[in-house]
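Pulled from TrEMBL, these are the features on record:
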| type | residues | note |
| --- | --- | --- |
| DOMAIN | 6-119 | domain 'Longin' |
| DOMAIN | 134-194 | domain 'V-SNARE coiled-coil homology' |
| TRANSMEM | 193-214 | transmembrane segment |
Amino acid sequence: MTSLTIITRLTDGLPLAASIQEDEKTGRDLQHYQNQAKQLCRKLNAQSPDRCTLEAGDMNFHYLIAQGVCYLFLCEAQFPKKMAFAYLGDLHSEFYEQYGKKVATVTRPYSFIEFDTYIQKTKKSFVDSRARRNFGSINTELQDVQRIMVANIEEVLQRGESLSALDTKASNLSSLSKKYRSDAKYLNTRSTYAKVAAVSVFFITLIIYVRFWWL
């Protein structure tokens, strides 16, 4: 599977570690995606969504921001999103344990390039078909994976629109959607009460009429 994993410092986009895997069968050139990944990492900041998926044709960028570090994973679009973010979460746990206290002080790119060994091993365990079959048993906090923001990489990089702005728009749309559902529920409730009241009035009127008629 063609993939690219990059770990960068959030404050300045400094690359800390990376791992590239090219699939000779597809003949896909990763240079273009590498350039996009570098641009994206330089655009991210503390206001960016902490998890996001960026669509790039038949490939997807998934990233996770945690404790001042960005973990970016490029993979084929059909690769399960839930598995991609579980993979990034695994990388974060191990990377922070090994290098968390050193991240803020390093000055040269790829200071932790030796972490590539762990990246390769972890990625293989997630890509492996047996791991996919058993993925449902993995204890993960990604039950709400469908709520992760999705954007287009070209729009973010070329139009210059920040991910925080896109996230704000998505939040606004979500708020409007919730308000619409709330209003619709209120109107449905009122409609139900009105129908019940109308039926009640009908039966009360009928009872009064029948008693009056027979008396």
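Using the three backbone atoms N, Cα and C, a Cβ is placed for every residue, glycine included.
Helix, strand and coil counts from DSSP across the domain 'Longin' (6-119) read 39 helix, 33 strand, 42 coil. Averaged across the domain 'Longin' (6-119), the predicted model reaches a pLDDT of 91.
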